[in-house]
Amino acid sequence: MELQSLLAYLHDFTIKPTENAEITSIEMDHRQVKKGSLFVCVKGYTVDGHDFATLAVESGAAAIIAERPVDVSVPVIIVKNSKRAMAVLADGFYEQPTQKLHLIGVTGTNGKTSTTHVMEKIFQANEQKTGLIGTIEIRIGDQSYEVKNTTPESVTLQQTFHQMVQENVEVAAMEVSSHALDLGRVHGCDFDVAVFTNLTQDHLDYHKTMDDYRRAKGLLFAQLGNTYNHKKPKFAVLNADDKASEEYTRNTAATVVTYGIDHESDVRAKNIQMTNAGTTFELITPFDTVTVQMKLIGKFSVYNVLAATAACLVSNVALQTIVSVIEQTEGVPGRFEVVDENQDFSVVVDYAHTPDSLENVGKTVQQFAQNNVYMIVGCGGDRDRTKRPLMANIAATYSTEAILTSDNPRSEDPNEILKEMAAGITSTNYVTISDRKEAIQYAVNKAEKGDVIVIAGKGHETYQIIGDEVLDFDDREVARQSIKERQK
Ligand SMILES: CC(=O)N[C@H]1[C@@H](OP(=O)(O)OP(=O)(O)OC[C@H]2O[C@@H](n3ccc(=O)[nH]c3=O)[C@H](O)[C@@H]2O)O[C@H](CO)[C@@H](O)[C@@H]1O[C@H](C)C(=O)N[C@@H](C)C(=O)N[C@H](CCC(=O)O)C(=O)O
Ligand SMILES: Nc1ncnc2c1ncn2[C@@H]1O[C@H](COP(=O)(O)OP(=O)(O)OP(=O)(O)O)[C@@H](O)[C@H]1O
Ligand SMILES: N[C@H](CCC[C@H](N)C(=O)O)C(=O)O
Ligand SMILES: [Mg+2]
């Protein structure tokens, strides 16, 4: 695409150059630059992309987007916010793909992956080709691609949408993280439906305060199309049981549809009954009321299917189709995933890595445990430190014995993280075993008939990050091996 055609998408109050080079790609990393690339200088958390402008030009960059002047021989376009500019330019470069898709964005502290995965299955049952973007993977139809972030940087994101359009995807469901909203990664995305799951504590390393975290999530609803188009209306699907929804209702120009359990809502669940085999509830919608019997466990799972139901109903999927998928769904890898080697105790691997999600899992397990509960928990390094004491105390509260261990320590000292966790425990029913494998073996060897072991925090992850090393580690595999060892 020619530079001038590309810059036509940029409505920044800026001086545009008259040159018109052919732009072959948009890059934010100088190591990816090739002949004809447009290099975007981004001031990051570790280094400043402006410092790589010269190297980018040496590698063939045809023009530069920057927030301040850089001394290079190609045109430099100065913008106020280069990440936002990059997102808008990527949208233009890839021919505004989200305008050709029915795009559903899901934000909230917990439940994004679970909700998007249920939605994907519902749209597939509705015979629509789907795209999925989130924590576990990117999926186009049945093809899976690896991801680095839950919500990718804008160029990767728009390129992915472009590929979806080329492969005739009709509906895309994506997780939208608060980081992505705050950093402008989804700028330029034309969402049709925006879904809010819930807001509880996480990511205070990045956002510093809950007010700022709430504001960042709210951007999804604020950026939801403010022009009412009868051919393509926009919907905000909000959780009536979460207080933040009041603010998001005020901040959006879209049609608000609510779901909930405790408060009056458009899509509501009543008479919830739970066993260790599944959950039954009455699903009340503006169209009909039906009884749902699903395999998913826990009140939080009911919330996720309510959110998915509301989002699919406003996307014109029949209630019957939605219910039949919900009743069949087995769940998402690493979310309340049961490890079954015919042992006489239960092992559940779950991605709970926030105080609220851990508490939900603890409460759910308490409902069906016949005997002792062991909760194995760690907290990630280089992440919100204030959740450490809270999570440890929740684990001790909802278990017979909490086993504090390492999650992904990253650059931090694992023992220091464990000390910060232990400081929050107000009882004595816990042990600290820094090595995650040993922690799992300890619980497996101790468990008796009817006990439940919860291994929290890493869910689907198949690695453990210690220092700079990414080591193979899969909670489900380690649990399986430990059970087999014990059975020998
Ligand atoms: C805080 C944050 O979001 N960081 C993201 C950011 O990294 P950074 O600011 O450290 O980047 P940097 O290394 O300083 O580089 C600055 C710029 O210089 C460029 N550069 C750098 C080096 C070089 O030699 N040449 C060069 O051109 C880089 O490409 C970049 O454009 O830009 C990177 C490149 O896109 C991201 O991968 C990285 O996400 C990291 C991996 C991360 O962990 N992010 C987390 C916090 C995150 O975003 N999480 C949310 C989900 C959270 C949840 O809901 O649970 C997510 O959406 O994944
Ligand atoms: N609606 C919910 N409310 C509270 N907790 C939930 C909810 N749904 C799932 N959880 C818990 O949170 C964990 C993570 O769920 P999920 O992966 O769906 O969330 P996410 O929002 O995608 O998380 P991430 O921000 O890490 O991508 C689950 O393993 C479960 O313990
Ligand atoms: N998207 C979350 C995932 C946390 C998972 C947990 N295992 C950890 O590493 O802290 C984050 O990056 O904060
Ligand atoms: Mg997720």
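FYI, residue positions are counted from 1 along the chain as it appears here.
In case you wondered, yes, glycine gets a Cβ from its N, Cα and C as well.
When the candidates R383, R385, R486 are compared with the meso-2,6-diaminopimelate site entry in TrEMBL, which names D407, N408, P409, R410, G457, E461, the shared residue is R383. Beyond its flanks by at least six residues, the motif 'Meso-diaminopimelate recognition motif' (407-410) meets 353, 378-383, 417, 436, 457-458, 461, 464-467 of its own chain at Cβ-Cβ distances under 8 Å.
Counting only same-chain residues six or more apart in sequence, the Cβ atoms lying under 8 angstroms from the Cβ of T113 (ATP binding site) belong to G134, T135, I136, E175, V332, R335, Y351.
Checking the binding-site residues R383, D407, N408, P409, R410, E461 for a CB within less than 6 Å of any atom of ligand 2 leaves no residue at all. Distance between Cα atoms for R410 (meso-2,6-diaminopimelate binding site) and T109 (ATP binding site): 22 Å, as a whole number. Closest in space to K217 (N6-carboxylysine), of the binding-site residues given as T109, G111, S114, P409, E461, is T109, taking the CA atom of each residue. In sequence order, H353, G378, C379, G380, G381, S406, K458, Q464, I465 are the residues of the same chain, not among R383, D407, N408, P409, R410, G457, E461, whose CB sits within 8 A of the CB centroid for the meso-2,6-diaminopimelate site.
Every protein chain considered, the tally of other Cβ atoms within 10 Å of the Cβ of G457 (meso-2,6-diaminopimelate binding site) stands at 27.
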